[in-house]
Amino acid sequence: MRTIPAAIAVLMLAVLPIAAPWLQFVLTLAIAKGFAALGVAVLLRAGLISIGHAMFFAASAYGVAFLARAGINDLGLLLILSVLAGALAGAVAGSFLVRYRAIFFAMLNLAVSMVFYALCAKLYGVTGGTDGMPVPVPAVFGIVFAEPVFKSVLFYLSLALMVLVGLAVQRYLNSPLGHALSAVNTNEIRLEYLGIPVWAVLLIAYVISAALAGLGGAIAGFAIGRVVPDFAFWTASGHLVLIAVLGGIGGVPGAFIGALFLELLHSAAVTVTDSWNLIVGMTLIIVIMFMPQGVYGLFARKEASSL
Amino acid sequence: MTRPILEAKGLHVAFNGVKAADDVSIAIHDGEFLAIIGPNGSGKTTLLNICTGYIRPRSGSVLLDGHDITRLSPRAIARRGVARAFQIPQLFSAQRVIDNMMLALAATDGLWSAVRPLETATRRDEAKALLDLVGLAGDADRISSALPEGHRKLLDIAVALALKPRLLLLDEPTSGVSALERFPLMEALMSALRQRGITALFVEHDMDVVARYASRVLVWNAGNIMAQGRPDEVFSNAQVRQRVVGVA
Ligand SMILES: Nc1ncnc2c1ncn2[C@@H]1O[C@H](COP(=O)(O)OP(=O)(O)OP(=O)(O)O)[C@@H](O)[C@H]1O
Ligand SMILES: [Mg+2]
């Protein structure tokens, strides 16, 4: 059973900030990115690489900021609405993106996210431009905590959500729909001949992946207390792909392990200025060399399309 | 005679000027095991591609139970009870054999459940029974890309059967299957088809298989039907013997 090591790992995460309080923010952010990376990993199952998922991450964080500005300040409600916003954005973008494959899918996701980034940065009157928008501390079940207390509440809530949402995503991947999603990667022709609509399978996956990115974005917004256009910048999307690949294709825990690994590495490396990208690059090379199977799966040739 | 299940009328298809179907009309009736024989490249697979909506003929039409399906997608035609096994097996190679089967079984029932697992006890049993039928019971938990080509072929047939079709189109079911396994496979397949009331059309190169199992034979040559009838009639036709049987 893998339940026991997983439970021990979650418990360790839960007590870590008690020993080292500065870690709480790092871990919250790692979990937030883990959700978004999980979204990217879901699409990777179908062999689709999205280099634009930071858009949904950002869209939902902006959504929280707008809703807060409009007077909604309940944490639960804001989280639910932000996930819905991510899912809705995913449904709109996905309905035309899921027709594309391979490099076209990757590039179109990138392009759409760059348009979104530009809008966030330029529409100063609406989004505050590059200054971004504040994400105020919300109420939790009607109680407004002091900021440090809220950050702790946010961390433990994120941890709980990581477990619950992780299990739900695992269920989805084990379901017929999840298997059909992996099947898109190996043989679309057979899927069609089984009477399964590939576009619907992909659209559902896309909406789920966008909702996951949205959940991550909302948590990040609360943790940082501000949302800026950089949330949606293409390097952020690239990071999500990096995490998904680092964590290994397919596994749900992998996305969170990858995110934790990268965030911890980041906070350890900031003391050694400028070497951050070098470290990330080296890490990726090592991971790719030692887990060629995982990355190989992504680029494996499809079956011949001649019948 | 009753109305045919599947009927193709006046099909024309050409690839770069090469005629793969030149005014072809065929009909297949309930309970038939119609064999199509013909030399390599004569257009047999192309006919199956047209009948399943994978390619559109330049002219002509395909009717299923009298309804025009010429312009429907493979998906829509599959949902109307027509399943296909391919000349080159079309599998989910990265998945286990049993998962290939269970996904096919799920396609006809609970695909849209995102919370129930693909693997249920009933689905597993049903998948196992079909694998057993084609002689793959021992391979259930292997990754399908690891199977030898002949076994991939068998899995492809089992996947098509899992769709519980009314009409099954088989593209050279015994090619790649070893000579020893060929007749046991055909015996098992034919009894399964009879038992389930499945009508079948199969393209076949092995004349012994055709002679033994076909209820009717259609001889294809250069995009045309050269002869058709009972196996013994067709095989005694001098032209067929020379052009097709000799070649195969
Ligand atoms: N998609 C295609 N594009 C171009 N040419 C094609 C295509 N499909 C088939 N052809 C050509 O049409 C002709 C008939 O091909 P088809 O595969 O239908 O023959 P076949 O009778 O199934 O042959 P075999 O016994 O080798 O399987 C061949 O000359 C083939 O090269
Ligand atoms: Mg052929």
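Backbone N, Cα and C define each Cβ position, glycine as well.
Fair warning: this is a prediction, and the values are worked out from it, not measured in the lab.
Taking TrEMBL as the reference, the stretch among A:29-51, A:75-97 described by the feature transmembrane segment is residues A:75-97. Within the same chain, the transmembrane segment (A:231-256) packs against the transmembrane segment (A:153-173): three or more Cβ pairs sit under 8 Å, each pair at least 6 residues apart. Sequence-distant contacts of the transmembrane segment (A:153-173) (same chain, six or more residues past either end, CB-CB distance under 8 Å): 10, 13-14, 17, 24, 27-28, 31-32, 34-35, 38, 42, 45, 75, 140, 145, 181, 208, 212, 215, 219, 222-223, 250, 252-253, 256.
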